[in-house]
Amino acid sequence: EVLGVAAGMHRQLSQKPDAHEDSVWAVDWTKGTNCIVTGGVDGKVKVWDPEDLKLKTVLHDDYLAVTSVSSSTDGKFVASSSMDGLISVFDIATGKKMLSISAGTVNVWTVAYSPLGDILATGTHAGNINTWDLKTGKMIESYQTGGNFTLSVAYSPDGNMFAGSTHDGVVSVFDNGGKLLHKLSGHKEPVRSIAFSPDSGSLLTASNDKHVRLFEMKKGQQVGTFSGHRSWVLDVAFNPAGSTCLSSSSDKKIRLWDLSTKEAIHTIDSHTDQVWSVAFDESGKKLASVSDNGSLVTNEIIAQSKGLK
């Protein structure tokens, strides 16, 4: 179903109301290969054609709930984590499973692909960040965040840092050698999503406290707050230029923010249920979002005039 509804500064492109049979918790838009990957509570990891949201491949369909998906920098591979403690890596083109790691049911909730290649980071229920060698399937190291239950992990695009956020609001940033660089304060409630800027100089954090915060990475200081969501903020993403960001919320809305003014440029109302995850395409002009009711939607951002609500 392809729609062309112009609504100010965005246009809904396509909508797949029943992309999964249950809630969809994760979406990623791959670079290079231009695919949308979703992970659902129905235990499936699916690959979609962004043009018309036709299903290309079902990578796996017998997991417990898929909690997270993350694609490699070249867009050729995608990793997933699921509630049965499995970490899986797939070749997107062939659909072949390249690796499966049984990490234990409390040891993997979220997954992030390293920009340096064959390394994955996962977040654990104990609040740790574990790193894995994808060549051997073995754990490299485990880092303590000091919080409990790691909800999100992220790598900086330059590969020099990684970070984790936890259920009690702790956000920890480490250098490549595992040295703790920053403990970011500001959120008192669960931080459900974090994202590094394209230049690796900033980190966005999204929380149940309804706010998105922006931190610079030299000293770990907060430099901005984005307020406007009426409920938990579930996901956050930078555009490839680093000039705007998206946030999605259990208030059923997606907001596009101007990073220089900290103002909401636009609100996207494509979903009728909470929006668990959102992702930009490589151009930064399109976005994919997934919801609690199993839907997948794509939108196009038409223009971005500053300061418009």
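Placement of Cβ uses the backbone N, Cα and C atoms for every residue, glycine included.
Annotation source TrEMBL lists repeat 'WD' at 17-49, 59-100, 101-142, 184-225, 226-267.
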**OP:** Taking helix as H, G and I and strand as E and B in DSSP, count the residues of the repeat 'WD' (59-100) in helix, strand and coil.
**Re:** 0 helix, 24 strand, 18 coil
Original post:
What does DSSP give as the helix, strand and coil breakdown of the repeat 'WD' (184-225)?
Top reply: 0 helix, 23 strand, 19 coil
